[in-house]
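Here is the structure we will look at.
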Amino acid sequence: MTLLDSRDLALIAAIVALGWVGIWLLLPHRHGGVKTARAYRVGALLSAIAVLLVLPYLTPPGDLLARLFFYSFSLLALLGAVLMITARNPVNSALWFAVVVLSSSGLFLLAGAQFLAAGTVIVYAGAIIVTFLFVIMLAQSHGQAIYDRSARRPLAASLTGMLLLGALISAIIAPGATRKDGDPAPIYSVGAIADQPPADGPIAAVTAQALTETSRLPRPLEQGETPAHVAGLGATLFTDHLLTVQVVGLLLFVALIGAVAIATPKAPIRPDRSTASSSPGSATTNPGGVS
Amino acid sequence: MIPDQSETLSRTILVLLPEIVLALSAAAIMVAGPFFRRGRSLWAGLSAAAIGASLLALLAVSGSGTDAFAYGSVALNDALSVYGRFAFLITGLILLGLAHNQVGDDRAAEFFGALLFVISGAMLVCAANELIFLFVGLELVSIPTYLLLYLPRRNRTTQEATTKYFFLSVFSSALLLFGFAYLYGLTGVSNLKALAFLMGGGGEVITTGTAAIGSIAVVFVTAGLGFRVAAVPFHFYAPDVYQGAPTVITALLAWIPKGIGFVAMIRVLTSVVSVGEPMLSERAVFLAWLIAAATLILGNTVALVQTNLKRLFAYSSIAHAGYLMVGVAAAFARVEDPANLGPYSGAEGIVFYLAAYALMTLGAFGVILYLEGSGERAETIDDLSGLSRTRPLLSLAMALCLFSLAGVPPLAGFWGKFFIFASAWTAEPIQGIPSLQLLAVIGVINAAIGAYYYLRIVAAIYYGTPARSPAAESRSAAGWPTAMAVGTCAVLSLILGLIPGPLQSASRRAAVAAIGQPAPGTSGPEGEDETETDDVALVRPRPVR
């Protein structure tokens, strides 16, 4: 019961092995020491070969220009990811993470998901990485600590990560591995089923109920017209997922109250007047906490 | 006929009335907290009233069926949903009784509000029929739990426990979302009933090739939920967090995340995978087999050497996750016909076991809380020795809960183990993987090992000598709600053990409803075979919006 041919398996094994050694060489030393420049060079070479071996599994879209952008964004994202986990300075890590996020936004844009691309840039590159940087700057007022510069269990961690990558690649390419040209796509598009009239069969009926008009992708329009992504997203959020949006509102409310309740350094002395009047010292020693 | 979107939405809101009542009360309590400077008893009383109102709402809506729009709505009101929500409300009352005096007056409103949010999140998980809604329900349990962990006590051990739990919980949510993304990608629908229907749709949508992608989803969703239920290899946080957290929150952590984790596994994994591709279901059985065996063996053997009570209960809760994973393994096994489950189904065993587990665990933690509340030490097993001389009733309650945890007949815990092992024993053997009967045998052996450390506590309580002379005047009462909660747990464990029939038929109905597939487009009986197309001819075209 094997789904992959031996060539694929060998390629994936090579990616795992090369990536493991390469990332391990690139990662900071276990005790925060400095490795030799040769170790970094060999590590970079091996990781680069592993990254190049991944590329054949990517399916680029459309014409030459889109292809060009696709490969540059993909390479940039992979490169940024490797550099993010191997950087010895947390600030550099955060900045490389920004590179990863920006290049994945580019990939989203190529896939036609404009809102997701914009949202990723705004939320991740705009808000979260800036917060990371603030936290790192504030935490590093006394220089880097040893745990910032050292990698924890680098050998085991890089092996686990690479094994996971290998398993994911093989599982993802498995559906298409035995496919000949002209076969239907391995992943079934239920959007096509949902367009059939429900009387065509139970599957069509169920799909039509599960995929309401608002939750489908906008139909391909005439040449030059762009489908209204944000409008479509808003429509599906506030019709199909209205209740989910409400529960997310509750989540934000709890998070807000929780942040206030946890962050206030001293509990405001509140309840009975008797304890408040019997211990005036607490009010003077803690002026900020008096409610 | 198919209800249109606005009708589906309004009926779903009606079905979710209990959660809405609970969540609105929780929000009101949290907002009112800073303005009304009252003691904690007011907020505890208001929370109890809110849970009572939610129970009434649940009883009022429990009759309204949701089969007609099961493929289009985010929440269901089937037997599993009613069963789970009822169980979480009752255990919520018990938890409230245990927690009523565990927080300072100054934080009481936030504390009880967060507790209500946890319960309403757990209820949302029981009712959820959609991937995103389910995830949001799980988060509505997690985020208030961080607050609950930190609010009652602010010292270094609590801080450490909160931090550990926070990071691992966030990490597990990320794993879960990754798995959900693949599960969604398999078909492109996020509705769970529709997903199960398409998985079983005659090999048209799911092929052997896509089953490989399905296995990514199964692995990651199991990993994400495995953190919540503390199954090996995702158990490592449990002992530290259980020991460092305030006792009442330890009780909450031992029950609520485990309960919702397994309900979510029934909703997302077993009901979807077991009706689908045989190869995917075989792999899932194997995965659950490995996790169950590892969890059982590790939890029980490490619990043997524990002397700290909270650590012991942490490992015991890991071991119970193992018994429940045996049920998951049995529930993953392929079901040919969703309308016709075998005599013992894994999901049935899981929901029965969960109810029994909730009572016995909360009861055991309640006894520890009661002792702490009356100023006695209750940290190690030795602290409990000779307890029967000073507190005969409390000792009896503890003994009942411990016997139930050990699976001694005729208590509720015995029947839970019995149904789970029976479902594993009667499951069809699968080529290429170790048989589920072997897993049942491993489970029985582990139940015997587990009995040893529970009975050790009972022996200490009844035959041990008190470490110090009981100073009657130094003891204070721990409050009647705690005593009532402990009493309820012990008595219910006994009653459900003596008369398991009603609970068993309720869990049976829940298991059937979880896997059942309503006929598309009609409001006919559940579990219509999807290959019958006669009903579909009656389906009217979908209303065009």
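Glycine is treated like the rest: Cβ placed from N, Cα and C.
Summarising the annotation, TrEMBL assigns transmembrane segment to B:12-35 (among others). Beyond the transmembrane segment (B:12-35), the same-chain residues lying 6 or more positions past its ends with a Cβ under 8 Å from any Cβ of the stretch are 43, 46-47, 49-51, 53-55, 57-58, 60-61, 64, 66, 69, 73-77, 85, 89, 108-110, 112-114, 116-117, 119-120, 123-124, 127.
Sequence annotations record features per position, and here TrEMBL assigns transmembrane segment to B:82-101 (among others).
Annotation comment: TrEMBL describes B:108-125 (among others) as transmembrane segment. Using a Cβ-Cβ cut-off under 8 Å and counting only residues 6 or more beyond its ends in the same chain, the transmembrane segment (B:108-125) has close neighbours at 16, 18-19, 22-23, 25-27, 29-30, 32-34, 39-40, 42-44, 46-47, 50-51, 54, 75, 84-85, 88-89, 92, 95-96, 99, 133-134, 136-145, 147-148, 151-152, 252, 256, 259-260, 263-264, 267.
Annotation source TrEMBL lists domain 'NADH:quinone oxidoreductase/Mrp antiporter transmembrane' at B:128-433.
What TrEMBL records for B:163-185 (among others) is transmembrane segment.
Under the heading transmembrane segment, TrEMBL lists B:205-227 (among others).
Residues or ranges marked as transmembrane segment in TrEMBL: B:248-266 (among others).
Only residues 6 or more beyond the boundaries of the transmembrane segment (B:286-305), in the same chain, are considered here, and those with a CB under 8 A from a CB of the stretch are 218-219, 222, 226, 231-233, 235, 312, 315-323, 325-326, 328-329, 332, 433-434, 436, 439, 442-443, 446, 449-450, 452-453. Positions annotated as transmembrane segment by TrEMBL: B:286-305 (among others).
Residues annotated as transmembrane segment in TrEMBL: B:312-335 (among others).
Tertiary neighbourhood of the transmembrane segment (B:350-371): same-chain residues 80, 83-84, 87, 91, 94-95, 97-98, 102, 247-248, 250-251, 254-255, 258-259, 262-263, 265-266, 309-310, 313, 317, 320, 323-324, 327-328, 331, 377-378, 383-384, 387, 394, 397-398, 400-402, 404-405, 411-413, 415-417, 419-420, 478, 482-483, 485-486, 489-490, 492-493, 496, 500, 503-504, 507, 510-511, selected by CB-CB distance under 8 Å and a gap of 6+ residues from either end. The annotation transmembrane segment is assigned in TrEMBL to B:350-371 (among others).
Within its own chain, the transmembrane segment (B:392-415) is flanked in space by residues 316, 320, 352, 355-357, 359-361, 363-364, 366-367, 370-371, 384, 447, 450-451, 454-455, 457-458, 461-462, 486-487, 489-490, 492-494, 496-498, 500, 503-504, which lie at least six positions past its ends and keep a Cβ under 8 Å from the stretch. The transmembrane segment annotation in TrEMBL covers B:392-415 (among others).
Among the features that TrEMBL reports, transmembrane segment is placed at B:435-455 (among others).
The annotation transmembrane segment is assigned in TrEMBL to B:476-499 (among others).
Among the features that TrEMBL reports, region 'Disordered' is placed at B:514-545.
The compositional bias 'Acidic residues' annotation in TrEMBL covers B:526-535.
Proximity of the transmembrane segment (B:476-499) to the transmembrane segment (B:248-266) is not established, fewer than 3 Cβ-Cβ distances being under 8 Å for residue pairs spaced 6 or more apart. B:82-101 is the stretch from B:82-101, B:163-185, B:312-335 with the greatest number of Cβ pairs below 8 Å to the transmembrane segment (B:248-266).
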